[in-house]
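Below is one structure, written out as structure tokens, with a few remarks after it.
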Amino acid sequence: MSLTPPVTDSTTTSTTNNTTALVTRAHNRYPLSSAMTPPSLKPHTLRNTTTKGYTTKRRNSSSSMLHTVPNIDTASSTASASSTEDGYNHKRAKLDLLLHDNNNSNNVFYHIDQYAMPSPSHHEDDEYDNTTDILRQLPDMIHAYDSLSLEMKSYIMFQLLKRSSTSTLQFVNSMIVPALKRDFLASLPLELALNVISHLDALSLCRAACVSRKWRSVIDSDANTWRRLLDKDGFEYDPVDEDEEDDDDTYSFGSVLDSELGYNDHSMDTGEEEEQQQQQEEEEDQHHDDDEQHANAHIQWRQAWYGADCYPLHGSNSSTTTSRMEIDLDFGSNKSQQQQQQPRRHPNPYKELYRHQYTLQQNWRKGRFKRTRFEGPPPDTVVTCLQFDDDKIITGADDHSINIYDTRTGRRMHTLSGHDGGVWALQYYNNTLVSGSTDRTVRVWDIRKGLCTHVFQGHSSTVRCLQIVQPTLVNGRMEPSVPLIVTGSRDSTLRVWRLPDVERSNETFYGSGVNRWFIHTLTGHEQSVRALAAHGNKLVSGSYDCTVCIWDIQQGRLIHRMGGHVQKVYSVVIDPERQRCMSGSMDSTVRIWDMEHGHCLRVLEGHSILVGLLGITPNYLVSAAADSTLRIWCPETGTCRQVLWGHRGAITCFQHNENAVISGSEGGIKMWDIKTGHLIRDLITGVDGVWRVAFDKRRCVAAVHRDNVTSFEIIDFGVHGLEDQGQDMFG
């Protein structure tokens, strides 16, 4: 039995392939050709109110949009034939249109028939003859479109888009997208717009400021929002006096003792009254100028929102261009060009404060800093104390010297000589420096001149600790009434002195005669006074006699003498918010004391040996011990939150704030996250020892010992994004 192979219908296969190719070509040319009619545009009947005669005039036109169909079945047949001829038409869609003639009660029905899609194989030249007729009909077609209902317009537009090429669709899109966008913020009254942006975080504000000049103007100028963000993110700042001059001092950060808290920078002389009068006049003129600047800034702000016509700027023709303030962390590479093209505007100080604080915070977190290293005192010298600000670093050492260095360059500006023994305590306030030494004296220095102005004698042994006590608002009054110096000595006493004003007076005192700056001696301890801390009129001291004493500074009266430690007390701090004080001892414990009633509230255990260092902030109590660990405690409950492990030896120095702890020990300096206790990074490594470390918002300064050489290292986090024109805020 023979098998006959099946016969292949080559004609059918060829037709299918050709049809597929035609459909593909049609889709490429007309991307929406296959789009299905949305349900909302399905054929339906509407009553049209077109003008009389329009439909009749175009009824017999073969290319008319409105086509008369005396018999719907016939029309269907005709359209079907056309669809079959092209070979790839979609389903026929009909839309019956009921035209009502007000002058004729007879209703005539018309419908728009979906013409077949153009064949990909046809040439545009074939339709050239119809072009003239179509162009002539366009005005009437547009007129008819204007009078159609919304549903009809949508349907016609859908059909036109299906028959449009890619380039046409792109053109339509370029017209439609901008038209559908709406500036909702600009549509609101200014007060409501400010309320909207008040709910944004810093990142969202910066992104919103890039939307338009109007948005940027309002966001940059809204002081309340930026002040709220400063509080929310925990950035410390002093309230901005908007009557002050807008100068660089307004944005000075990191100063241990801010300049605005000090005295005038000039000394009194014979021309004092004239200088004061001239200065007063200049200040009045400056305040007048500042008031005008602030008024102009406010008007410019409202001009940007409501228009310049509503808020004229004192007859000025200044345009409401963008603010000179940049949203970026730095001001961007085009800063100079922008400043040349745009008038200077009064900046929002709170936004600038936030920008600066945020930049510094990110630099600390990401380890972006500039390192400066310079040699300090002679080899094998121990740096006993260190304090710094934006301009100077002041250190005391056991070689009798006090050195003053330039913070930016490390250049030694002054060496203060006069002590006959090692300097074990110092503190400065503005231009006044106070130091205590093993030579049993207390000296007061003019920092700027590098001169000793006062020598206080009275202690019979080493001055081991001291503090400048500034008047502080306590219970509605300033305590103490004048700035004081409190010193603690190994002679078991504390002494209270009035702080000389080296700025206002040229008076000096070198120990001979009656010391009119001495107030009184505090006696009560039986052994060396190792540590002290003062706030307002209260003074806390810790001694080698294992006791902690609380004193009234101005009255010189012992309030409480508290016992409990079984070994020497090495450190004390005051928690003024809770009216408590804390002490660390060689017995490895930390005790929390009630300052009002004088009894121990809690004993914090965990360290295994001497607790030599304590630090306090509103939310954290930190202790450092010779067991190479630091512990973070809750000052309210006394619970241990974190234990910081990682140092190789006893902790020799540390400082902390509400975000971080920086500690030094044999081997280097480490930076910790105070909330989690995790090590963030090693700031300094490869050193034999760390004498002292201190940091502010911008810099970390350390005195280290490496290869028998004592040197200083400055780690500056305030360069990237602030001085080097680096990346933008969220780059």
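The backbone N, Cα and C atoms fix where each Cβ goes, glycine too.
Heads up, TrEMBL stuff is auto-annotated, nobody curated it.
If you look up TrEMBL, you'll see 1-24 (among others) marked as compositional bias 'Low complexity'.
What TrEMBL records for 74-84 (among others) is compositional bias 'Low complexity'.
If you look up TrEMBL, you'll see 237-250 (among others) marked as compositional bias 'Acidic residues'.
As annotated by TrEMBL, compositional bias 'Acidic residues' applies to 270-284 (among others).
Residues or ranges marked as compositional bias 'Basic and acidic residues' in TrEMBL: 285-295.
The helix, strand and coil residue counts that DSSP assigns across the domain 'F-box' (182-229) are 36 helix, 0 strand, 12 coil. Residues annotated as domain 'F-box' in TrEMBL: 182-229.
Here TrEMBL flags 1-87 (among others) as region 'Disordered'.
Summarising the annotation, TrEMBL assigns region 'Disordered' to 237-256 (among others).
Here TrEMBL flags 262-295 (among others) as region 'Disordered'.
Per TrEMBL, the feature repeat 'WD' maps to 416-455 (among others). Note on the repeat 'WD' (416-455): residues 257, 259, 261-263, 265, 382, 384-385, 387, 392, 394, 396-404, 461-468, 470, 483, 485, 487, 489, 495, 497, 499-503, 507-511, 517 of its chain, located 6 or more positions outside it, place their CB under 8 angstroms from a CB of the stretch.
In the predicted model, the repeat 'WD' (480-507) has a mean pLDDT of 95. The repeat 'WD' annotation in TrEMBL covers 480-507 (among others).
Feature annotation from TrEMBL assigns repeat 'WD' to 522-561 (among others). Each residue in the repeat 'WD' (522-561) gets a DSSP state, and the totals come to 0 helix, 25 strand, 15 coil.
According to DSSP, the secondary structure content of the repeat 'WD' (562-603) in residues is 0 helix, 25 strand, 17 coil. Annotation comment: TrEMBL describes 562-603 (among others) as repeat 'WD'.
Counting residues 6+ beyond its ends, the repeat 'WD' (604-633) has Cβ neighbours under 8 Å at 570-575, 577, 582-586, 588-592, 639-645, 647-651, 653-658, 661, 663, 665, 672, 674, 677 in the same chain. Positions annotated as repeat 'WD' by TrEMBL: 604-633 (among others).
Feature annotation from TrEMBL assigns repeat 'WD' to 644-682 (among others). Each residue of the repeat 'WD' (644-682) gets a DSSP state, and the totals for helix, strand and coil are 0 helix, 22 strand, 17 coil.
Note on the repeat 'WD' (522-561): residues 461, 464-467, 469, 472, 474, 479-481, 484, 486, 488-496, 567-574, 576, 581, 583, 585, 591, 593, 595, 597-598 of its chain, located 6 or more positions outside it, place their CB under 8 angstroms from a CB of the stretch.
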